[in-house]
Amino acid sequence: MVGGKWRFLEVAVVVMVLQWSCDYNGNLAEGFPVQDLVTKLPGQPEVAFRQFAGYVDIDVKAGRSLFYYFVEAEKQPHSKPLTLWLNGGPGCSSIGGGAFTELGPFYPTGDARGLRRNPKSWNKASNLLFVDSPAGVGWSYSNTTSDYTTGDESTAKDMLVFMLRWLEKFPQFKTRNLFLAGESYAGHYVPQLADVILEYNAQRSNRFKFNLKGIAIGNPLLKLDRDVPAIYEFFWSHGMISDELGLTIMNQCDFEDYTFTDSHNISKLCEAAVNQAGTIITQYVNYYDILLDVCYPSLFEQELRLKKMGTRMSFGVDVCMSFEEQLYLNLPEVQKALHANRTKLPYEWSMCSSLLNYKYTDGNANMLPILKRIVKSKVPVWVFSGDEDSVIPLLGSRTLVKELADDLNFNTTVPYGAWFDKGQVGGWVVEYGNLLTFATVRGAAHMVPYSQPSRALHLFTSFVLGRKLPHKSPPALHD
């Protein structure tokens, strides 16, 4: 009798999974891949949308595969667009970053054993696809060690192959509006992927083409010789270094020949000033958001050992979330639920890879010419900046967007001014030529959705809907 009961339950589960995996028209042949369906993550709250995760083989001979995590839109997924999100680094995980600490539907709980809902998840506005790229990041891997020596060009080509093969798994998205988004070094990843997609489209005549509708990049690395001096301008303007030290750095440091990996040809005075800046600011400042407190790993681990919540809140933000997601994603039951780590990698999951031998000289490349090609193809470009980030501050991004607008001979179509979210200033925005937008997000970190989820969702929703950020002022304040 017991065996019959278990058999009945097994059949019921299979039927449920098959029904859940069917397409919206009930046609399984046109549906999503059953083998990649994530029925439920450990400790996950109940949700109505579906999740999928697994691998896409990029090069079977080399044994190179990229891991993805896909989340349906919360409502009307059949009509909402598809957004690909990429984290930067280079070499950091879009699953650990974008999906589980920023804009995905779940955050880890303070005990690192479960999940809680993110009420401002971007899947309210779009279907979301997160990919760990290149191979060697997160659970993406290669059986050919030389593949871990890589750079921007090969990363973009692999991502093009990934998108083509992922769409074979999910064919109903072939005609869907596609948006590309990311942050930090994705200021290289996203424009270069958009560029190869547009090149691919140009060669396709009447065959399949990507329906690319826009790209959005947050606190992006665009041009190193402008983004680096912006760091020290930020330190000075926020009172983190003295007037004298700020002037010394600005006058003695030639950032024109700065490189991504090595000290540029700097004077002794410049070197001493830069080192002094690091000493004054100290390691106890969160460079990604100077307002937030830092998380002390030893205290976090002590709390967990005492079976307390390891969460530490600062300005309403869990500053220990990166440690929580590290522990959560290394749980065997989590990896099993995500169909991850299928080759039993000989190392733990980590947010940023130590395997990659990335071509860091690629970081010196100027992304403005690529962005110019994208805009000239009538694909809208949004650059957004959390204004508390000192790593890639808004000061550099804003001047670079203006430089790009001037190069395109664009007029200002929306003058620089405040935009509003829930009656409060969400940030400031300017638009050029109806195709190029720069927006700040007030009070936001390098990882904008992490520290300002409501404002980030408002910005993202406006982006995918093709709307301008609202300039309309709220009612006047009264005493």
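Cβ coordinates come from backbone N, Cα and C, glycine included.
Here Swiss-Prot annotates a disulfide bond for Cys295; of Cys253, Cys320, the partner residue is Cys320. Between Cys92 and the candidates Cys270, Cys352, Swiss-Prot annotates a single disulfide bond, the one to Cys352.
Same-chain residues at least 6 positions away in sequence with a Cβ under 8 Å from that of Cys295 (disulfide bond) are, in sequence order, Arg312, Val319, Cys320, Ser322, Phe323.
Put simply, Asn143 is the one of the recorded positions Cys92, Asn143, Cys253, Cys352, His446 whose Cα lies nearest to the Cα of Asn341 (N-linked glycosylation site). Spacing of Cys253 (disulfide bond) relative to Asp389 (active site) is 22 Å (Cα to Cα, whole number). For His446 (active site), the recorded positions whose C-alpha atoms fall inside a 10 Å radius of its own C-alpha are Ser184, Asp389, out of Ser184, Cys352, Asp389. Of the recorded residues, Ser184 (active site) and Asn143 (N-linked glycosylation site) place their C-alpha atoms 28 Å from one another.
In this structure the C-alpha atoms belonging to Asp389 (active site) and Asn143 (N-linked glycosylation site) are separated by 37 Å. Cα spacing between Cys270 (disulfide bond) and Cys352 (disulfide bond): 30 Å, rounded to the nearest whole number.
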